[in-house]
C-alpha cells in the first residue's frame, strides 16, 4: 500500500523560491500567488515577468549603443606603448566571451534535456491515467449492456418456457430485480468519459508544444555555439566580413537570449505556483464534475479514507452472487422438466461469470493506488525535472546574453586594432624588404618587383663606371672563383648562396646572367685601372 501523498510528494525548495517571486499585474498591483491560469490578473503577473526581461534587453541594447557611440566618437591617436595593452584587452575579452558562451551552451543542453524528461514523464502519466479511466468506462458500459440486453433476451425466452411453472417465473423476476440493482450501481459510478477525453487531448497538446520547444532550444544552442566559434575564427584570421556578419547574428542571438529568459522565467514561476499546492488547483477544477470525496480519495490515497466506490461494488458483488445461486438451482431442478431451457440458463450463467470477471477488473482499476501513482509521477516530472530544467535554461539565457554582450564589445575594438596596424604598415616604405605589406605586394605583383630590381642594377652600373675606387678595394676574383665557392657551398652554381667577394660584388637578388655580365665589366675596369697605375 502506497503512503499518503503528503509523504510521497514534497515540493522542492526551488519551487518555493520561485513561488515567492513578486506577482504584480501590469498596473503594478499585487496579485494572489495561487495558480489560477484562468484569472486575468494572474496572467498579467506572468506577462509582467516577460516585460521585465524585455526591459533588460532594452537596457542591454542601450548600453551597447552608448558604448559603440563612445568608441566611434572618442577616437584619438594612441601611442606605441598603449597599443599592446589594448590588443591584450581585446584578446582576453574575446577569450572570456568564448568561455562563457561554451559554458552557457553546456548548461543549456543539460537544462533542455531535463525539461524534456520532465514533460515526457508528465505525458506518460497522463496517458496511463487515460488508459485507466478508459478501462473503467469500457468495463462499466460492457457490463451494463450485457445486463440490459443479453440478460433480458434470455429471461424473455425462459418466461415462455416456464409459463406453466409459477415458482420458476418468480425466480426469473427476482433475477431481473438483481440485474436492475447492478445497473443502478453501475450508473451511480462517475462518468469518466469527459475527463478521459480531456486527459488525452491535454497529453497530445503538451507533447506537440514540447517537441517544438525542445527543437527550438536545440537550434538556438547550436546557433550560439556556431556564432561563438566563427567569431573566434574571424578574430584569429582577422577577417572583417566574418566579424561584421557575426556582429549581426550576435545582436539577433542577444535578442533571442533575453526573450527566452523571459519565457523561461514566467513558465518556471507559473509551474512553481502549481507545484506548491497542486491538490488545491485540481479540486477547484473538478468540483463541478466529480464528487469531492472521489477527488480526495485519488489525491491522498490514505488508508484512513473510505473507498467511495465500496458500497456500489459490494452491492454489485452480492447481486451477482445471488443470481448465480438462482441459476444453479434452475439448472438443477428445471432442466430435467424443461430440457429446452438449458441453453438459455447456461447463457445466463456465462453472462454472470463474465460480469464477475469485469467486477474484479473494475475493482482493481477503481482502486486509488494506480491513479495516485500516475499523479505522483506527473508531479515529480513537472516539479522536479521540469522546473529544474527551466532554471538551467534561464541560466543559459543569462550567460549567453552576457557572452554575446562581451563579444559585441570586443569586436569593434578588434576592428580598430586591425585598422591601426594597417596604418602602421602604410607608414613603412614599400621598398623595405622587411615590411610584411611590401612582401604581400611583391607576391601579388612579381613583375613590378623585377622591373624595380633591374632599374636599380642599371643605376648602380652607371655610378660605378664614373667612380675610381682605390686599388686595395678592387677585387680581381674571376668568375671561376665564384663557381668554386658555389661548389663548396653545396655544388649549386646559384650565386645567391655565394658570399660577397669585394665591394664590386652584385647584390644576391640578381639573376646569374646579370651577375656574369656585371663581373666581366668589373674585370675589364680592374685591368684598365691596373695599366694606368703601372704607367
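The count begins at 1 with the first shown residue.
Cβ atoms here come from the backbone N, Cα and C positions, even for glycine.
What you see is a predicted model, and the numbers here were worked out from it, not measured in a lab.
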Residues flagged as transmembrane segment in TrEMBL, choosing from 324-345, 346-367, 368-389, 390-411: 390-411
Of the residue ranges 1-22, 23-44, 89-110, the one that TrEMBL records as transmembrane segment: 89-110
Per TrEMBL record, range annotated transmembrane segment [choices 136-156, 157-177, 178-198, 241-261]: 241-261
Among 89-110, 241-261, 390-411, stretch most in contact with the transmembrane segment (46-68) (C-beta, under 8 angstroms): 241-261
